[in-house]
């Protein structure tokens, strides 16, 4: 093989991925050369995907152990210990949300870069296919005109010039020149097989890339939606939403690890190709196209000679000789044989069209066109493509970390919500300050008011049956002075609550029991004093 490439240099990340250990499924190291048709090489790429599957299994196992420990731990937490747990859940949700947003941004960039690289590859393949198809069309058309059109004109001229031996010899010489042109054209490589392969590869690559791009786009949107709904469930303290998001979080975790394995295998395999693409292309074209021709197009430098120079030169000289012979016959034979002019002009037209095809063929066979397509394809695959796949690997890793944190935070939040609702169940339903009692009253305003001790509703309901207390006839200033003397606040302290129009305070069950016991004691003391 010739010296090192100047126009194409593989990026450093392809060498880094190329040095990854290549191990088959029997745990045997193999050669890291790009050999997609070899079974051991295919197993080495499958082994990388299996490593990601093992990571998924370990991740799920750790989550299962964590959830088991969380469910088995049933000790009651005090309010002082609840605050740090709530803070931990909040910060875990914030960290998971930030990591998810970063992962989605990285994923969008990697998906776009990969799509750009694959698009550049397919565009170059279509251009190369168009060039090779043009070469094949020109060769086929020139050979057809030489075999059919030129042969018919020469056969009719041979009958016209039958009486002139020198003209017949000129026609035979032209036939030899035409056969020589056909021989040179047959010596050119058959591009038909290469053209079909390039077209099919480009079509399949574009189709696979479209579905790959769409799949990753849906995964990115799904990750973002799950993260937002999980944060909404934590904010709203909705247990059913958190449970649903936990199920979807597990599925997304599986998708993240699966995409990581597929991307890692793709990146390593593509890097193996990018490190030495010439070696692979030479092995694929062996027996179809000559090695010198492949070298000419892959390297395209001044040190390499054009392998088509000799047949194109013979083609050009044969056409020039035939045109000289036709020009002489038009000048000297037409005056003697006027009927020969039509066939001579027909031969001249065939030669002119063949010369135009020769110039186009020379331009298409030049190495600069195909070499540019080759370099564009390599840059698209090895720079944009592999770089984008690496960003997708980073996205999958960040997404798996984010959803792992989220799956650890959701059960703790779910448990705190359950504990908070259980604490609400321990509060007296008749307490008007109980949030649940407020919700019941708001939902059922027509229910009968509960007659609790010293409650506002019972006081208001008894206003019609209880006679208003006798108010002292002392002046207001005297009452205020009396209240001030006994240390009270000079603010209508002697005015009853019912008359004032404000509800009395509400008491909890424990306070109510204490108040009843104190009242019974006062009644007994009053009875004893009265008997005395």
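Heads up, residue numbers simply count up from 1 along the chain you see.
Just so you know, glycine gets a Cβ as well, placed from its N, Cα and C.
What TrEMBL says about a protein is an automatic prediction, not a curated fact.
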The annotated transmembrane segment range in TrEMBL, which must be one of 177-197, 240-260, 261-281, 282-302: 240-260
Among ranges 129-149, 150-170, 213-233, 318-338, whichever one TrEMBL labels transmembrane segment: 213-233
The annotated transmembrane segment range in TrEMBL, which must be one of 20-42, 342-364, 365-387, 388-410: 388-410
Range from 45-67, 88-109, 213-233, 240-260 with most C-beta pairs under 8 A to the transmembrane segment (388-410): 88-109
Whether the transmembrane segment (45-67) meets the transmembrane segment (213-233): three or more C-beta pairs under 8 angstroms: no
Cβ-Cβ under 8 Å with the transmembrane segment (240-260): same-chain residues at least 6 beyond its ends: 52-53, 55-56, 59-60, 216, 219, 222-223, 226, 229-230, 232-234, 392-393, 396-397, 399-400, 403-404, 406-407, 410-411, 413-414
Close approaches to the transmembrane segment (88-109) from elsewhere in its chain (Cβ under 8 angstroms; 6 or more beyond its ends): 216, 219-220, 223-224, 227, 230-231, 234, 388, 391-392, 394-395, 398-399, 401-403, 405-406, 408-409, 412-413, 416
